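Peer 1: The domain 'Response regulatory' annotation in TrEMBL covers 31-147. Sequence annotations record features per position, and here TrEMBL assigns 4-aspartylphosphate to ASP80. If you look up TrEMBL, you'll see 158-254 marked as DNA-binding region. Positions annotated as domain 'OmpR/PhoB-type' by TrEMBL: 158-254.
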Amino acid sequence: MQLVSSDPRSFAAVLPSGTSVQNEENMSKITVLIVEDYRPLAETLEYQLQRAGYEVFRAADGREAIRLAKLQLPDVIFLDVDLPILNGVDVCKQLRANPATKDTLILMLSALGEESDQVVGFAVGADDYVVKPVESYKVLLQRLKALLRRREPVVEDADQVSHHDVMIDRRRFVASIGDTQLKLTKSEFQLLETLIRQPGRAFGRAELVDAALGEDTMVLERTIDVHVRALRKKMGDAADLIETVRGVGYRFRE
């Protein structure tokens, strides 16, 4: 389960000699749990993350991963899929079902790169899915930073959200793109608000049905596709900001 095809130590040599990625603002407060049973890779990841200023914990199997996640409450989990005792998919399911870890950011690392494998990962709650081998440590670090940005609030206050020139104001029930106000139904407004508040996150259709139509609404999950088409049509040239995540649902472009 190597992350690179050659000696895993080469993964640590991606940065030029003398390069430092330390002193990132507030980075020392961010904790990462690495769940990986291939020891050379786990040690390399640990070294690089610590070098960047993250606090790191390690687990080598699924059962230990769940125990440490509950004990340490990390900000992010790097989760291998092919784990002993309990595989990564089942670990992810259990973490999402636990109130203490249900919102923890999870980045799956896997040699399983088929679309169906990635769909399963997102369906059980992964926030991102990286297929091994990845290009470099720099790429993986950027994926981690992108995950952390998703957790940051994108609003100036609780009522107003603005991203990519799209703005919604919950208090006034107003949505606009630039200077153009959109005429949205209540369901379309709630759909847009759900997506834009967490740009980059892939929402399942069931989640969006609950957000846009209400948890007590009895409709097919595919009904949300109709609402998304209507919303995109009203957004005009900005329609591609709502991206389709095949086999999962939708997300607002990061």
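We count from 1, first residue shown onward.
Each residue, glycine too, has its Cβ placed from N, Cα and C.
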Peer 1: Need the DSSP three-state call for ASP80 (4-aspartylphosphate) to compare against my parser.
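Peer 2: Note: ASP80 (4-aspartylphosphate) is in a strand by DSSP.
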Peer 1: So what pLDDT does the DNA-binding region (158-254) average out to?
Peer 2: 86
Peer 1: How many helix, strand and coil residues does the DNA-binding region (158-254) contain under DSSP?
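Peer 2: Across the DNA-binding region (158-254), DSSP assigns the residues as follows: 39 helix, 25 strand, 33 coil.
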Peer 1: Among all protein chains shown, how many Cβ atoms are found within 10 Å of the Cβ of ASP80 (4-aspartylphosphate), not counting that one?
Peer 2: 27
Peer 1: Could you give the number of helix, strand and coil residues in the domain 'Response regulatory' (31-147) as assigned by DSSP?
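Peer 2: The counts are 54 helix, 25 strand, 38 coil.
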